[in-house]
């Protein structure tokens, strides 16, 4: 059909009513979380070695640092070459009841600039003293090393400080030896312990990113301080040791006190950053790839032996090879290592961590059991594996210089994870799902005046808590969105070519984001692509200022304008921008079904005569939502879009994004949902669900809730009946991936709005399971919804049964479903008991505490209970659940998302005042919560009566 254009489901979703932008997602925001890690045979010192913090230990750092050790950044005087590290984790407690590890380390480094000071990171380590000093220094190649003058631990900045009696010489090489003991704590950071309860087995593992390698051994713990690592682990018989590189043959050793142990040493790693180091001591089993297929490197999946025996690692093994092959072609560079180990850990704070050669995962992100896991679980495994494998080149082979450019690392991996998953599962339409999973949600966050740019100045990201705060949805999801936009307007092929040049030029080195722009510009020039400005000039406006524009197109005049999109137009943006919050906007568009040439909006206002339309024409911009911006139109074009799509039976969307009434009226957005009763596809229903969830949050405690539920009931009843028929009365699984998802929407909305027969169905299924706990016949895809509905309708008997099944669950994805469903009860005392469990690691793992509290807060009965609980226990939470085990920012966002009153706003302000010195990484999230609460208040003041009247009229049949 030439240049004709059919509106696909995606186009309809992302182009049309995506343009009816966002207070709904706005405040229903999902902050990711997304929410994406020596061959010396002597035995390390035991825990009884004498240790001390040494003289001169500092406890505070002045606001204006005067001494080098009061700065959070290392000086540039020393550069590491290699480490030889030997560690011995104790997998049983010592007489004091503590789990500890001991070790020693030798770091070889070059003196770049003459200095009489050694600063090396160390955190929570106790050192053996040598003649009163924390370390021993010697020169290499026969030179003499300066004498140590003084040493101490600078606690606030996490340094071991060594002052020398004379300076080290520039160009000379030295060795620093330390011997130390640390706690093998359960804090999920550094070198820590994990336990799986069915066997009571302890394992030792690591999570170094971003600043916890220093908890395992003294090191220059910054991304640019790359080095080679020689690791040795001492461990009990019956366990195996893993690290980034291939191991040598383990040997048996005997300690001075007669213990028989195994010593496993590993080959030297590639030159890499400390945060990518990993090591594990466990009794796990593994499965591996056929080396005939991937003969250049070995692929192994490690997990609890029971999980391996049950085949839970098979899917990950099946997909890892093809995804690696995809990225080899995409980057045009072979996989850099000899092996790819991936290990599923019972306790892990993040989803996964891209340690080079030894990727660590939560069990839910690596293991899949088709008899128990849902299609969503399967998609999560494929996407997370793809994300982590993407890092093997982008992030590991080439690493950004400092954490202020974390967005480039994580945003890129998030974007291409969908490409890798789409390659290995082509029937899933992952290129469509990125819009739902990443882009729409993060726009809600970035539309806040308290958002932040993708890239910050290095000087603004210094402390560990500053770095941790960057692991948010802006970094991951907006980073992915703007790189996807860039790839779109220069083409994916050119994007891939530029990446290949970038990786080849900087392999084993560090970069800043400008290095990527430079290589992409070369690829653009080689391809002869014409852009209005250079890649750097265009992209700087998207990464160096927060937010995004709403582009308004007046189809009667062809006038186009842009404005910084804010949830609340009255918000004060007090962060200046050198670009005055204007962007260079690539506008893709169609006119009455025909694709038009891309147009660049380069000024605040412009006119494009081609964008005027006749009486029977219509126009849609931002095709497939490839651009990171919203679109608004004149009212006539809005009417034509909706009318045309309805008449042409092309209404494959209902993206329910209700914007502040000053841009698009809420009732206009609501009117689009009238077509939902005729809609059977997943994309429109899921986008509607995302935004209807916001209305539920705002109104489930008010008189609006009744008519709103009645209206949704009318819309979802046909969908419920459709899936009842499609699945032969719920006995079969739909064939299409997206139909399996939409079946969940039908059941979830059906039961929550009282569709006839829904609650009876779910409670009967659950009762059947209770009667025969060893035979759960509930479809894995439906279990989360069924469990939640049945527990909500039941009482303590149902709750206690589900709790018992959670405690006995040996499959992580099943445990996760139960963990959520337990929050659905309507009994306040059960919810309060559940909250108390969250701070008992033996009841709920530390890695799950944040999620569980947020699940409870998602329940309208549980929300005030969770808020009271957080405030009452903040000291304990902050001091005992830091270090990676709890995301404070995610916690604040989750518990406050329903806030919409002046009273709640004042409570938030009081919480801020009471805890101003112990907010950590939650500081920015608290500011966002305050702004969102204000936006909710303003939106309700404008819309509550309108929405009540609209729903009331709809269910009564009046107009």
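Placement of Cβ uses the backbone N, Cα and C atoms for every residue, glycine included.
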Per TrEMBL record, range annotated region 'Disordered' [choices 10-39, 40-69]: 40-69
Rounded distance in angstrom between the Cα atoms of residue 388 (active site, proton acceptor) and residue 476 (site 'Transition state stabilizer'): 13
Inter-residue C-alpha distance, residue 387 (Zn(2+) binding site) and residue 476 (site 'Transition state stabilizer') (nearest angstrom): 11
Residue 410 (Zn(2+) binding site) versus residue 476 (site 'Transition state stabilizer') - Cα distance in angstrom: 5
Cβ atoms near residue 387 (Zn(2+) binding site) (within 10 Å, other residues, all chains): 28
388, 410 as recorded positions, winner by CB count within 10 A: 388
